[in-house]
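Inspection log for the structure reproduced underneath, given as structure tokens.
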Amino acid sequence: MRISLHMTQARRPLMLMILDGWGYREEKEGNAILAASTPHLDRLQKERPSCFLETSGEAVGLPQGQMGNSEVGHLNIGAGRVVYQDLTKINVSIRNGDFFENPVLLDAISNVKLNNSSLHLMGLVSYGGVHSHMTHLYALIKLAQEKGLKKVYIHVFLDGRDVPPKAALGDVKELDAFCKENQSVKIATVQGRYYAMDRDKRWERTKLAYDALTLGVAPYKTSDAVTAVSEAYERGETDEFIKPTIVTDSEGNPEAVIQDTDSIVFLNFRPDRARQLTWAFVKDDFEGFTREKRPKVHYVCMAQYDETLDLPIAFPPEELTDVLGKVLSDRGLIQLRIAETEKYAHVTFFLNGGQEKCYSGEDRCLIPSPKISTYDLKPEMSAYEVTDEVVKRILSGKYDVIILNFANMDMVGHTGDFEAAVKAVETVDNCVGRIVEALRTAGGAALITADHGNAEQMENSHTGEPHTAHTSNPVKCIYTGNGEVKALENGKLSDLAPTLLDLLEIPKPEKMTGRSLIVRK
């Protein structure tokens, strides 16, 4: 039988369990998932209905061939439709010319002209396409040049996670050569995303980034950006972890610091890792650290980072209606969202269509992630604590629907440490076993899946170097319940919400264009 709801007695919960970074790849080399001992997931894949889901490219609203990511994945899952992403929207606007007539970007340029000030372009300089894209930076530079700006400064945040760990050297060489041909554009600072894009309130990192931008104070100084990266490699730092470095002029002074009346365009379009630095610049009641200097700037966000801030947004979000959380709430169902810090925003904000609001009947549980520099040092992260809590909640009889994310395979996969990734996979498998048993006891069921791959490819198959980025591989989806489910059809992430509603015997709204994966007996 289907999952049925009895409002006057203990509920039999239906769970969506998202194993972040659990991709499917048949090759064993560099595959931490196949190298791990996973008796619980192996048994479920053998005995229960399963299928494959697409998590990348056009299947999730990204350009063809573009790997998926957690933000995109959870948006598609919660919306029950393909959500066209900011990367796609911005790319299209550049191609058709709308980008160069964007009123928000033009206002930032007008502010510079009015005050004879500087334009600062800051963000992740990467072709990864997860948080930003290099083509957007070059489009911004082109726009500034077309409008005759003479003082344009680039503050380079380096990737090393969504692209190989030392991909930045080539990208920075390309950018530096461009700047030398265009004297109105200069690179002013260089630093890894570990500092400029922290999202876990490790304010000491954000402060280092902020001080470099506003004070011209940083652990290192150098005469050019390429040297900054090369010297960091010599210190043993890879792109993500390159300490803030000031690029100096011929007299040894910073090329630029951010001053009053300047304009800033933060070119990242993904919000979660753009918020903390943005707060440091714009919040009156900011408490993360003491700001020695707070320049009064014209601050532009490429996309919406925080709906509570009244800031100009170059590409504002489209409003997603009738998302999974709202449909469940409108039906009077009680739902739980649970994850540790690293993925909490994904099972709440992103799953709710990029909205901060919490629906009626929606409980949220945040388990703190361990305070360590990189998660290869503790591959278990907080998975066991998440599991302890969710098992209690399952057995409480309170919840109709539970949505859970395990961060381990993705976050440890990003470190490039194969053995640590194997431990992460085994940790998650152990937790899956406990949760499935608790669901069985409670008469519940689960769909177990992932938002994108990662841990299944820990090694670059061409170079043998660590592979730290997401993959474009499909992911598995397993149904653990009993009843009349004969099989699952292959699909994409946007089919998960319609499938959950089908199991709950709730008609999907018209806005959900995904389909149920269920094949019934």
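Backbone N, Cα and C define each Cβ position, glycine as well.
Note that the structure is a prediction, hence the values are computed from the model and not measured.
Taken verbatim from Swiss-Prot:
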BINDING   Asp20, Ser70, Asp451, His452  Mn(2+) 2 binding site
ACT_SITE  Ser70  active site, phosphoserine intermediate
BINDING   His131, Arg161, Asp162, Arg193, Arg199, Arg270, Pro271, Asp272, Arg273, Lys343  substrate binding site
BINDING   Asp410, His414, His470  Mn(2+) 1 binding site
Going by a 10 angstroms cut-off between Cβ atoms, which of the binding-site residues Arg199, His414, His452 has the sparsest surroundings?
Arg199
Using C-alpha positions only, work out which of the binding-site residues Asp20, Ser70, Asp162, Pro271, Arg273 is nearest to Asp410 (Mn(2+) 1 binding site).
Asp20
Please tell me which one of the binding-site residues listed here (Asp162, Arg199, Pro271, Arg273) sits closest to Asp20 (Mn(2+) 2 binding site), measuring Cα to Cα?
Asp162
Return the residue, from the listed binding-site residues Asp20, Asp162, Asp410, Asp451, with the maximum count of other C-beta atoms within 10 angstroms of its C-beta.
Asp451
For Ser70 (Mn(2+) 2 binding site), nearby residues of its own chain (Cβ under 8 Å, 6 or more apart in sequence):
Asp20, Lys343, His346, Phe350, Asp410, Asp451, His452
For Arg273 (substrate binding site) and His414 (Mn(2+) 1 binding site), what Cα-Cα distance in Å is obtained after rounding to a whole number?
15
In the three-state scheme derived from DSSP, which category covers Asp410 (Mn(2+) 1 binding site)?
helix
Quick one: pull the CA-CA distance for Asp162 (substrate binding site) versus His414 (Mn(2+) 1 binding site), whole Å only.
8
Spatially speaking, which of the binding-site residues His131, Arg199, Pro271 is closest to His470 (Mn(2+) 1 binding site)? Use C-alpha to C-alpha, please.
His131
Using C-alpha atoms only, work out the spacing between His414 (Mn(2+) 1 binding site) and His131 (substrate binding site) and round it to an integer in Å.
15
In the three-state scheme derived from DSSP, which category covers Ser70 (Mn(2+) 2 binding site)?
helix
What are the sequence-distant neighbours of His131 (substrate binding site), meaning same chain, six or more residues apart, C-beta distance under 8 angstroms?
Gly123, Leu124, Asp159, Asp162, Arg193, Met197, Asn268, Phe269, Arg270, Arg273, Ala274
Which number gives the other C-beta atoms within 10 angstroms of the C-beta of His470 (Mn(2+) 1 binding site), all protein chains shown included?
30
